[in-house]
Amino acid sequence: MATLLRSKLSNVATSVSHKSQAKMSGMFARMGFQAATDEEAVGFAHCDDLDMEHRQGLQMDILKSEGSDEGGEPPLEGDIHYQRDGTGPLPPSASKEACSELSGQGKPKITAWEAGWNVTNAIQGMFVLGLPYAILHGGYLGLFLIIFAAVVCCYTGKILIACLYEENEDGEIVRVRDSYVDIANACCAPRFPTLGGRIVNVAQIIELVMTCILYVVVSGNLMYNSFPNLPVSQKSWSIIATAVLLPCAFLKNLKAVSKFSLLCTLAHFVINILVIAYCLSRARDWAWDKVKFYIDVKKFPISIGIIVFSYTSQIFLPSLEGNMQNPKEFHCMMNWTHIAACILKGLFALVAYLTWADETKEVITDNLPSTIRAVVNIFLVAKALLSYPLPFFAAVEVLERSLFQDGNRAFFPNCYGGDGRLKSWGLTLRCALVVFTLLMAIYVPHFALLMGLTGSLTGAGLCFLLPSLFHLKLLWRKLLWHHVFFDVAIFVIGGICSVSGFIHSLEGLIEAFRTNAED
């Protein structure tokens, strides 16, 4: 009797523990998708990362009745536990239906309109403020590039989703992959089954960290230009902004931050409308003669990176498509979102450049009159500071999982204690990441250069190069000749633009770094 009682109590305790873990994982999955309502692609990168972790890194094991061994009773119905090292095999009796049902827990389906809202926020965030600067160095070719980038990113988003599906034995198209990392690993299998995923994760981390740096840079830049008479330099404003952001190192989740997502997005659209309204009020003075068919050979490659970076959304698309009520509407959703983005970005960039012509600055709001510049910039700074925790938390999640929590494959000891609390040295590493973004913002306080470098390095890779390469590798036997032509052309053109933009952006950053070091 005592043995039976102990066995039952042990099973109940295990059940409670496993239910708690399942609940937490579901909460994070929902939280990741909720954070995705923010305006930048980094929130969606976090969502895709959590989806990959939910489906790959954490394997679900349905507890099955162990029979009547020692008189023990079976676990409670529906108990689930997650094995972080991924070594626990599924029981033979575990049904596919049960696994599918459990994997969908905590992931509410969304409509095509909601998915389109997410994509729109991702590709029309606050970084569109740098597009008029791209027109300054590219003229009409810059406008053409805005249209071309929209068409290519829409196409590569579709072919990336196509790589998630394969034809089964019955000739039906079924979804066999769940994330960008899954696609990358499938392309590198069987010789290097994890190489592709590591490359994608590295690119994702770089983009997330660079996005954090850009938020600090733009905060310092906007505050300095809003109050030029104050004896506070741009570097000092960046330090103040980082001091405000330091509590991000203590974040456990993004539940509180995500509540401001919709407010930030709406505020950004209002700011864009205010800028356009001011530009339209000066329509009589527009400098049409300044827009020419010429390019600045040295600076236009940087503009390419700026434009590409403003369209980055591919990293989260697999997760978004998997959460749609009707995935067949994905292509239509991609069409109208990118058409709308192309029109709005083109008009915003052209109208702003016509208003200020050769005086166009890296962040277009710095061109506004001092009477309204301070108000607009303060709202933008608040938006940037509220947006910072999203890429920061996503980068921390990827780094912690890859380096400290990847089971036996982790490079370092687990940064969390047995009670689930973050260890002191883990917190120190988080603080160091915040300080690193500050140092980069101080030594390279150039919004356009950093944005161009990020767009040329990770933006072009994740949006142009990898989707076309994966499409050719996985589906080349079923592709029509024009699809093969498009994929090869995008890969070649994207590669040239990426290398050119990266070299010029890097040269500009090195020169800026030397100048600041001498000062």
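Backbone N, Cα and C define each Cβ position, glycine as well.
Some features that TrEMBL has for this protein:
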- 109-505: domain 'Amino acid transporter transmembrane' (DOMAIN)
- 65-94: region 'Disordered' (REGION)
- 141-165: transmembrane segment (TRANSMEM)
- 205-224: transmembrane segment (TRANSMEM)
- 260-280: transmembrane segment (TRANSMEM)
- 300-320: transmembrane segment (TRANSMEM)
- 332-354: transmembrane segment (TRANSMEM)
- 374-399: transmembrane segment (TRANSMEM)
- 427-444: transmembrane segment (TRANSMEM)
- 450-472: transmembrane segment (TRANSMEM)
- 484-503: transmembrane segment (TRANSMEM)
The transmembrane segment (205-224) touching the transmembrane segment (484-503) per 3+ Cβ pairs under 8 Å rule: no
Long-range neighbours of the transmembrane segment (205-224), counting only residues six or more past its ends (CB under 8 A): 40-42, 45, 126-127, 129, 232-235, 237-238, 240-242, 245, 312, 315, 362-363, 365-366, 377-378, 380-381, 384-385, 387-388, 391-392, 394-395, 398-399, 433, 436-438, 440-441, 444-447, 450-451, 453-454, 457-459, 462
Proximity of the transmembrane segment (374-399) to the transmembrane segment (260-280), 3+ C-beta pairs under 8 angstroms: yes
In contact by Cβ distance (the transmembrane segment (141-165), the transmembrane segment (450-472); 3 or more pairs under 8 Å): yes
Seg_contact(the transmembrane segment (141-165), the transmembrane segment (427-444)) with at least 3 CB pairs under 8 angstroms, min sep 6: no
